[in-house]
């Protein structure tokens with residue numbers, strides 16, 4: 001069973017994080033910076049959209065934050081441009097640490113909904129929209145889209161693989177809103193994650209397959225004093 005002790009620190013300054021203990025991996029999970037499609041509520045999924053200028057500024061701010069915390073040994077990133085560019089910006093600020101691409105860290109594949117504006121899909125893609133809002137978590141989205149169960153299995157397996165490889169180390173993972181929300185469900189099955197904003201920081205301590213803790217959730221305190229805390233589209237159930 002999971003153990004969790006969450007610090008939802010969206011508004012105050014982030015607390016200092018101690019160096020990892022030999023018994024667990026400290027995994028710092030970061031959502032990518034904003035894209036033009038985030039700003040216009042366009043669904044991305046596996047489509048490869050780069051950061052906009054706002055997103056690059058957000059990435060620079062979270063990179064500065066992470067550079068002042070205990071050093072990470074490696075960064076794992078989704079291979080999609082919006083995540084990988086965020087990871088490279090963080091790596092550059094954190095002493096040039098290695099960035100490893102991992103396609104298992106991608107956003108949920110949203111099938112026929114990808115490339116469409118969210119508020120239009122109920123009319124333009126009614127079949128795929130019905131699958132997307134279905135309460136059946138095994139429901140796949142037409143056009144090769146993943147079900148919530150498939151996303152959950154992929155996300156948790158990817159984090160476990162990284163955590164078990166890096167016990168005793170601090171590592172950074174740069175991923176996407178849907179992926180990160182699946183990790184929250186893993187840690188807090190009955191909780192409500194709320195928004196997963198661009199460049200928010202969450203921290204997991206992973207001891208083994210059946211023991212992990214969520215220490216910090218969705219922290220965007222690094223953005224509070226900037227002009228870059230914007231829409232965050234895709235950070236809720238409509239993630240994409």
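Note that Cβ sites are derived from N, Cα and C of the backbone, with glycine treated the same way.
Listed in TrEMBL for this protein:
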- 32: active site, tele-phosphohistidine intermediate (ACT_SITE)
- 107: active site, proton donor/acceptor (ACT_SITE)
- 31, 32, 33, 34, 35, 36, 37, 38, 82: substrate binding site (BINDING)
- 1-20: region 'Disordered' (REGION)
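Features as recorded by TrEMBL, highlighted on the structure.
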| residue | record | Cβ within 10 Å |
| --- | --- | --- |
| 31 | substrate binding site | 32 |
| 32 | active site, tele-phosphohistidine intermediate | 31 |
| 33 | substrate binding site | 29 |
| 35 | substrate binding site | 23 |
| 37 | substrate binding site | 22 |
| 82 | substrate binding site | 29 |
| 107 | active site, proton donor/acceptor | 28 |
Cα distance (Å, whole number) from residue 107 (active site, proton donor/acceptor) to residue 33 (substrate binding site): 13
Cα separation, residue 107 (active site, proton donor/acceptor) to residue 35 (substrate binding site) (Å, whole number): 14
Rounded Cα separation (Å) that holds between residue 32 (active site, tele-phosphohistidine intermediate) and the residue listed as 'active site, proton donor/acceptor': 11
Residues 31, 32, 33, 34, 35, 36, 37, 38, 82 binding substrate per the record - widest CA separation, whole Å: 15
Rounded Cα-Cα span from residue 31 (substrate binding site) to the residue listed as 'active site, proton donor/acceptor', Å: 10
